[in-house]
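Accompanying notes for the structure given below.
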Amino acid sequence: MGMDFSTLRTLISRYCVGEENWVDSRTIYIGHKEPPPGTEAFIQQRFPDNRIVSSKYTFWNFIPKNMFEQFRRVANFYFLIIFLVQLIIDTPTSPVTSGLPLFFVITVTAIKQGYEDWLRHKADNAVNQCSVHVVHHGKVVRKQSRKLRVGDVVLVKEDETFPCDLILLSSSRDDGTCFVTTASLDGESSHKTYYAVQETKAYNTEKEVDTIHATIECEQPQPDLYKFVGRINIYMTNEPVARPLGSENLLLRGATLKNTEYIYAVVIYTGMETKMALNYQSKSQKRSAVEKSMNAYLVVYLCILISKALINTALKYVWQSDPNKDEPFYNQKTEVERQRHVLIRAFTDFLAFMVLFNYIIPVSMYVTVEMQKFLGSYFIMWDDEMFDEELGERAVVNTSDLNEELGQVEYVFTDKTGTLTENNMEFIECCVDGHVYVPHAICNGQVMPGAAGMDMIDSSPGPAAREHEELFFRALCLCHTVQVKEEDTVDGIKHGIHQGKSTSFYISSSPDEVALVEGMKRLGFTYLRLKDGQMEILNREDEVEKFELLEVLTFDSVRRRMSVIVKASTGEVYLFCKGADSSIFPRVISGKVDQVRARVEQNAVEGLRTLCVAYRSLSPEQYEEVFQLLNRAKLALQDRDKQLAEAYDLIEKDLILLGATAVEDRLQEKAADTIESLHKAGIKVWVLTGDKMETAAATCYASKLFHRNTQILELTTKRTEEQSLHDVLFELSRTVLRQNGGMTRDTFSELSGDCTDYGLIIDGATLSAVMRPGQEGSNSGNYKEKFLEICRNCSAVLCCRMAPLQKAQIVKLIKASEEHPITLAIGDGANDVSMILEAHVGIGIMGKEGRQAVRNSDYAIPKFKHLKKMLLVHGHYYYIRISELVQYFFYKNVCFIFPQFLYQFFCGFSQQPLYDTAYLTLYNISFTSLPILLYSLIEQHINMDILKKDPCLYRDIAKNSLLRWPTFIYWTVLGVYDAIVMFFGAYFLFDNTTFTSNGQMFGNWTFGTLVFTVLVFTVTFKLALDTHYWTWINHFVIWGSLIFFVVFSLLWGGIIWPFLNYQRMYYVFMQMLSSGPAWLSIILLITASLLPDVVKKVIWRTLWPTTTERIQNADKLYKGQLSEFTPLASLHAPSKGSSHRRGSENQRNPRRSEPFTKKVMFTRWQKAPDYCTFTPLLRFADSSRHSRQGYNYSGAGPETSV
């Protein structure tokens, strides 16, 4: 057989049965060379080619696939059914009336999606067809990128981008390293170092590379950019050599080669299997609250439509029960009609009525909403106030589906480092054995109580301490992954750096590490470079010290520490370890732990980021043991990470504590102001961070999340060790509820700093315990509920020591709570992606921790301060605009179709249309579509500056208040009223048989045209009355659409169109306009339709104005200059003050429907005239006593002093 049975059995078990160790691995033959005989069976696996496909459609499947996607939308499918019904049965209206709007909607959407996909195809082709250098039989040949195969060896030159995922074989640098930037993958612009395997790094030409005989075994492709497990088997003359491969050997597609002339590498993942492509996965679709309301309204209108059709069908058969009415002499039935079953006839009639009334469901609303969202998103991107000059970046909109959701946010979950703070680290001090060192410092108040005293560099505390101190400085110079970028080496590195004319600078993926190395440089120890495995340091005596780098135990977020093993020139081997205090102190066996711990805690309270440094000497035997342990773990293909973690745990123990460092991460500009504004807007802000409690708490005080009088409640591991979790939760719950239940807090100055605020601090370990499903019955089952109850009654919550997944769990917990609040998550790093994807709205910050957050977010902003305008201005406007758009669409369609329903009572339920086909078709497409689209793009009901200065206005629109059922019912009733006025107004005016000047009588088409004319003018004027912000564009579109209607009607009825098989509209419009009574009736009916709405608005604004309306009135008084003159707080409706920022009271969001409370409030505060009248506005220079009272009671917004 040529192959023995044992080999066959191995293969079957490996590839078919799925033997545990092999199910997730692949074998790659470098240069497609077979392994030497006897080593292993040669099986060439099939891998995809290197084509990248980001497009959705092909030329052949575009139409069917796109149609399928579009008709999955309920409204589109519904209109398709109606259209088909019109084609199949004899219906009163032409199929064109449904078909044309549907065709228009489908075509516009298909063109948009087709164009977007064509752009994707174009981008794919550009990538797939670029040329790549491949080593083939010892020569370099050019190949198209898409033709690359797994196992090919490629040559990549400096500044070229990697065409697929590669394993580095050798580079132009002697040490086999290369520098890479991964900015397009994770946004980190720093240079990362990658390594070639020791055995292959010497092969530097294409001929040499072609002689490499090796196979690579590695895991199957998976999307984690930072994880890779594999091994390379190199076949030398004797036994094959196995070497581990990790993420430090893997060059990812999309990354760029820097500072390295060229490299040779082997292809291991291609095309859609590269890590970059696997990260393309689409995010789950998020739907806004407005969209949910729209769908609910559609269902209501569908029910109305069906009931209308049922009523009319039933009444038709009641009407026809009289034979004279059923079959009059002038309209005899045919034999076929007489023989049809009554049920079939009834069903056909029901369908005909459905077709007649189907316009009540507005198909064009979907298109208008899509266009409004798409075009509206450009206002965020064009906003110059959200442009950051330092970064040169603008706000980015990744999805426009959630614009209005920005106006509904109730909870903001924010990361700390890089989001609230700048992630720009500055070395402040270090503490060695209790002695504090501050670089370049003279005793300037840096010496804190508890420190033994300020030791300057030259005054050594003693020989033993001096030795420890230098060991600490060396540890920080060696224990890192910093690279030195050399700019100019004219005078030699040593001289240049030490003279302070730095000819090089440090780059690292962690800003903390750079700060520490630079801090050491200022204290006299300079890290020079890593060359040929030797780390070089310049000490205080200007001597270069060399240490051989033996191992790096990389940092990970679980261990929270990193270590290096180095060999000094004297031959001693040291393990230097640095990490978080919580991960270092338990592993320390000696050193001045108490002094260092006291200093660390003190620094943490001041908001500094602290790290502890420890070391351990290793004997040659111990090092050999460590080396074997690490090598075994590194070569494992299965569970490598787990084995490495266990190995690190065994190695990093019995440490001697050296000292600690403190680094400052400054607050971002205006972060505190933004958080304060969000609080005033009724939004709860939670900080979720991986930092330690003290540091995070200090940042929270600095950013005004906690105030000086905030009572801090702790739910931390320390506390749950003393008491059981159950007791702590119930005690906190009692504290919060006793305060909030027993007495109402000072409602008007809740934010002015005079009240008891609660702030909760919880850590990751306690959160895990709270989230754990109850095991011993009912006792622990309600931990989540208790926790939520405490959180709801706290003004701010800080969660520290959080793992990325826990951040998402917290967001999910709040999302699923009984109020179902709208949540927003904002962060800048890869560790924030899970919460950004979980929240209703995810915002990424273009920070220093890469671009993953930005790539996965719905919106991206340069700085945290831009969140204020994003929510309080853009979010507010978007919500106001789209809610008016939705309500207005339903209103104008009720006005349109209800007269049609009433008309059936006067035409024997014969399905006679009231309006002409052209009017039916164009009403939603042309006559009334542009004004509302424009309104929904540029309306500003309140000046932008006022919205920024007075965040409390955001509460007016909270909880989807403009799309609640009462508002919806009001608009629907208004539509029905207008329809009745139009129909019966025209009917009674026609009742006395109106004549034209030449004695002709008006007919049914003139009647319909009269109703339609009144309808178009009424709904357009209604929108004009609702518009607050007038520009020339509004005037052009509103009056232009009315002129278009008139011109169209004149043309439609003024010409005999040859393609029409009827001429019923010929001269109808002109004839109607030539009649005086018709003009009078049009003016009277428009006035009668609009009057109730205007009267209701005037009365409501006068008696029960909302805060928004008070400010609108005052702004008119000051001709748009309100924000310059007025203490805005004095305009707040009294009831607003009484709406609590926390607890259930906030959920009620008192509005006009509570006149009684308002009355009480007016009587209670009558001494402060600010609340009742505008007197202080008109006499603002008057007694300052009044306005001061007003300020105290409102406590609501930033006031401008006059």
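Placement of Cβ uses the backbone N, Cα and C atoms for every residue, glycine included.
For 44-98, the entry in TrEMBL reads domain 'P-type ATPase N-terminal'.
Sequence annotations record features per position, and here TrEMBL assigns transmembrane segment to 71-89 (among others). Outside the transmembrane segment (71-89) by six or more residues, the chain places 95, 97-99, 101-102, 105-106, 295, 298, 302, 348, 351-352, 354-355, 358, 361, 363, 365-366 with a CB less than 8 A from a CB of the stretch.
Counting residue by residue with DSSP, the domain 'P-type ATPase A' (129-274) contains 15 helix, 65 strand, 66 coil. What TrEMBL records for 129-274 is domain 'P-type ATPase A'.
Packing against the transmembrane segment (296-319) from elsewhere in the chain are residues 74-75, 78, 325-326, 346, 349-350, 353-354, 357-358, 360-361, 886, 890, 893, 901, 904-905, 908-910, 968: each is 6 or more residues past its ends and has a CB under 8 Å from a CB in it. The transmembrane segment annotation in TrEMBL covers 296-319 (among others).
According to TrEMBL, the transmembrane segment annotation covers 350-369 (among others).
The feature ATP binding site is assigned by TrEMBL to D415, K416, T417, E513, F555, K578, R609, T689, G690, D691, R801, K807, N831, D832.
Among the features that TrEMBL reports, Mg(2+) binding site is placed at D415, T417, D828, D832. Counting every protein chain shown, the Cβ of D832 (Mg(2+) binding site) has 32 other Cβ atoms within 10 Å.
Sequence annotations record features per position, and here TrEMBL assigns active site, 4-aspartylphosphate intermediate to D415. Cβ environment of D415 (ATP binding site): V687, L688, T689, K807, I826, G827, D828, G829, N831, D832 lie under 8 Å away, each six or more residues apart in the same chain.
Taken from TrEMBL, the feature domain 'P-type ATPase C-terminal' covers 854-1106.
Long-range contacts of the transmembrane segment (918-938) within the same chain, counting only residues at least 6 positions beyond its ends with a Cβ under 8 Å from a Cβ of the stretch, are 93, 96-97, 100-101, 104, 359, 362-364, 368, 371-372, 375-376, 379, 881-882, 884-885, 888-889, 892-893, 896, 1008-1009, 1012, 1016, 1019-1020, 1023-1024, 1026-1027, 1029, 1031, 1033-1034, 1037-1038, 1040-1041, 1044-1045, 1048, 1052, 1065. Here TrEMBL flags 918-938 (among others) as transmembrane segment.
Feature annotation from TrEMBL assigns transmembrane segment to 968-990 (among others).
Sequence-distant contacts of the transmembrane segment (1002-1024) (same chain, six or more residues past either end, CB-CB distance under 8 Å): 888, 891-892, 895-896, 899, 903, 907, 912-916, 919, 923, 927-928, 931-932, 935, 978, 982-983, 985-987, 990, 993-994, 996, 1038, 1041-1042, 1045, 1049, 1064-1065, 1068-1069, 1071-1072, 1075, 1078, 1081-1082, 1085-1086, 1089-1090, 1093. Annotated transmembrane segment per TrEMBL: 1002-1024 (among others), in sequence order.
Note on the transmembrane segment (1036-1060): residues 916, 918, 922, 926-928, 930-931, 934, 1009, 1013, 1016-1017, 1020, 1023-1024, 1027, 1066-1070 of its chain, located 6 or more positions outside it, place their CB under 8 angstroms from a CB of the stretch. The transmembrane segment annotation in TrEMBL covers 1036-1060 (among others).
The transmembrane segment annotation in TrEMBL covers 1066-1091 (among others).
Look at TrEMBL and you will find 1130-1153 tagged as region 'Disordered'.
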Least buried by Cβ count (within 10 Å) of the binding-site residues T417, N831: N831
In the chain carrying R801 (ATP binding site), residues 6 or more apart in sequence that have Cβ under 8 angstroms from it: G690, D691, K692, M693, D763, G764, A765
Which listed residue (G690, D828) has most other Cβ within 10 Å, given these are binding-site residues: D828
C-beta crowding around F555 (ATP binding site), within 10 angstroms: 18
Mean predicted confidence [pLDDT] for the domain 'P-type ATPase C-terminal' (854-1106): 88
